[in-house]
């Protein structure tokens, strides 16, 4: 259990191409020799339904849930990511996963690398192995009629999951907890790479941070669309992910310590996280923490 630290942010990770350096659905399908069949399914089924159907066909062909687990244990996960997770947790951060993968894949990978215990929760597509031994994968938001779906109008959100809706719930829970404790809401940091990561980025507020993977679709969307209110801190490679994330964590902890040493009125103030990077596809490396802190504007803060 991480030591309690009131200034440490809540860190929310995407999974595919953020924690693991692959798309976990494609990784499993490719490893089990079903790439062409999966491509056929995708021609007439939404992705979430297609991966569920693919698991059914693999099971019918003699593949087991343990075969799927074995593929996932070989999925690439950088030691820099593992170290960043452990270090952020040791600094007092609460860690969560928000992913359009599925619970079976995520749980298997995190458990294999000894990382499951560092996360307080996961929001993803539910999955389980049924009585026949077949892996079932369901949508996070049911969208087949008569289910209403998630109702988000952003075209970047797939029908089975709007991460922005989940981020709104997380932020509301954070605000309620802060109000009950009579403290300011801790910052939220969101890391992601894909189109579905744009919506939760837009839900974040001033004082929060979005960490998009440079050169990936979420960067194109941030560069071309409405900029997030949160500070944008890009990363390019997993060593960079660790450096940028831990820099944010250390800055937030330092700010909380500084606030505690100021007059009582200062306890209600925050520091705005910084300016949005205009071209997310060519994100500059952040300045060293002490230089960056000197350049950032100070503002009164009012707390996806």
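Yeah, the Cβs are placed from backbone N, Cα and C, and that goes for glycine too.
Note that the structure is predicted; figures quoted are calculated from it, not measured.
For 14, 16, 193, the entry in TrEMBL reads Mg(2+) binding site. Within 10 Å of the C-beta atom of residue 14 (Mg(2+) binding site) sit 26 other C-beta atoms, taking all shown protein chains into account.
For 14, the entry in TrEMBL reads active site, nucleophile.
Within the same chain, residues at least 6 positions away in sequence whose Cβ sits under 8 Å from that of residue 16 (Mg(2+) binding site) are 22, 23, 24, 25, 99, 100, 101, 193, 194. The active site, proton donor feature in TrEMBL is assigned to 16.
A 10 Å cutoff on Cβ-Cβ distances gives residue 100 (substrate binding site) a total of 27 other Cβ atoms nearby, all chains included. Look at TrEMBL and you will find 25, 100 tagged as substrate binding site.
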(request) Count the Cβ atoms, other than its own, that fall within 10 Å of the Cβ of residue 193 (Mg(2+) binding site), considering every protein chain shown. (result) 23
